[in-house]
Amino acid sequence: MEKKIERALLVGLDITTINKRTDNIDIDSSMDELEELAKAAGAEVVGRVVQSKDARDVAYYVGKGKAQEIKEHCEALEADLVIFNDELSGAQMKNLEDLIGVSIVDRTALILDIFAQRALSKEGKLQVELAQLKYRLPRLYGLGKALSRTGAGIGTRGPGEQKLEIDKRHILNKIADIKRELKEVKKNREVQRMQRLKSDIPIVALVGYTNAGKSTLTNELIKTHKEYNKEKEVFSKDMLFATLDVTLRKATLDNNREFLVVDTVGFVSKLPHDLVEAFKATLEEVKYADLILHVVDASNKNYDIQMDTTLNVLRELKALDKEIITVFNKADKLDYEVNARKDEDVVFISCKTGYNLDVLLDKIKEKIMGNLYDVEMIIPYSRGDIFNTLKEKTIIDNFEYKEEGIYIKTTLDEADYGRYSEYIIK
Ligand SMILES: Nc1nc2c(ncn2[C@@H]2O[C@H](COP(=O)(O)OP(=O)(O)OP(=O)(O)O)[C@@H](O)[C@H]2O)c(=O)[nH]1
Ligand SMILES: [Mg+2]
């Protein structure tokens, strides 16, 4: 399919009435983020317009006069589309499109578009398409121009580049189909999860704002595993929403114990609600985690607001009662003091320089291993399987073949201590 780089004009509203705002980010940072999102969707940003107003205009979002001005900017800049920094109603879209005469895309559609382009797994694709269709349903009559564009423009693409349905009845049928398919996929995932839980390897989930360094940290952590190779690495890039699908990889602690690292999709402020809903299923892995690493880009001046965004999603996922380590990443770029909040377990690291990665691994060990017991055991020769398991799982300080069995000295975690108690002599 032909791909033309679209020229986008960004429009934001700086709402001056505090209680009418939907976030706390200052308008410049918010527009910077919108620009990153637009780039991530493949657009070229040709200009920015910010309007200060005490509230949104119901018909034109920025007000009719400003919309008229935007039309003139579009002509001068030869813009193909205008991207608005908030979610618009169907009526606002239609009015703005009729007046300005180019496609209108809002922040939600933009984020959905990026997700549609990046989703890899079957489940990810289904979930994005579902969120897109739900977004479209109440806006069909306002999406005329955006949907009738030829080629695959921002806001028209479904996962896998097929054009999205624009007929209401088709959309409803499609939504029902997708929900059915998702149920199947979910069943499969459940089976896999049960197998994992049975294998009782602790699960450590990395969550955080987009671009915080979750995938980079994942790649650092998995280097500790004996089966590590380059191909196991996950994709990381200086780009919003580099990761869309949840991946699981193995890592090892210095006491030879394995744990699973779960890399997850990043969050962003004003994340479309349907998308949060959609990804709740994928993020279920987080609910089953033994430990959460909340990865924060400490060098971002809005790190505090970004943390709140992440914590809010964790709250929605009902995962806030889990053990959490706050990982302030990019310590190499820090040029101001970052204040940790009270009651938080915090570690400053740099994936770039390797600073404090060992401290982080120690903290992980402390959290997921619980109490550790130094033991001496005698394992009867008939239970060579246990000896082999412990050889794999623990570091055996000492062993000896004795008459009554194999004598070993090692360290056991809580679960194994209970499991093998009959063989423990000290
Ligand atoms: N300076 C510096 N850059 C880092 C560090 N860690 C990661 N980065 C960079 O930050 C960018 C984002 O890293 P990712 O690992 O892709 O971030 P992510 O959290 O997985 O992002 P999403 O998948 O988009 O949610 C990349 O360009 C990394 O190279 C660090 O410690 N210091
Ligand atoms: Mg990532």
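Note that Cβ sites are derived from N, Cα and C of the backbone, with glycine treated the same way.
As given in TrEMBL:
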type: COILED; residues: 168-195; note: coiled coil
type: DOMAIN; residues: 202-372; note: domain 'Hflx-type G'
type: BINDING; residues: 208-215, 241-245, 263-266, 329-332, 350-352; note: GTP binding site
type: BINDING; residues: S215, T243; note: Mg(2+) binding site
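Feature annotations (TrEMBL) mapped to structure.
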| residue | record | Cβ contacts under 8 Å, 6 or more apart |
| --- | --- | --- |
| G208 | GTP binding site | K214, G266, F267, H294, V295, V296, D297, Q306, T310 |
| N211 | GTP binding site | D238, M239, L240, A242, G266, D297 |
| S215 | Mg(2+) binding site | V234, F235, S236, A242, T243, D263 |
| K330 | GTP binding site | G213, D297, A298, S299, S350, C351, K352 |
Based on a Cβ-to-ligand 1 distance below 6 Å, what subset of the binding-site residues S215, T243, D245 would you report? S215, T243
Quick one: of the binding-site residues S215, A242, V265, flag those whose CB is under 6 Å from ligand 2, and say none if nothing qualifies. S215, A242
When each of the binding-site residues A242, V265 is scored by other CB atoms within 10 A, the minimum falls on A242
Whole-number mean of pLDDT values that fall within the coiled coil (168-195): 84
According to DSSP, does G208 (GTP binding site) fall in a helix, a strand, or coil? strand
Densest Cβ neighbourhood among K214, T243, D245, S350 (binding-site residues), 10 Å radius: K214
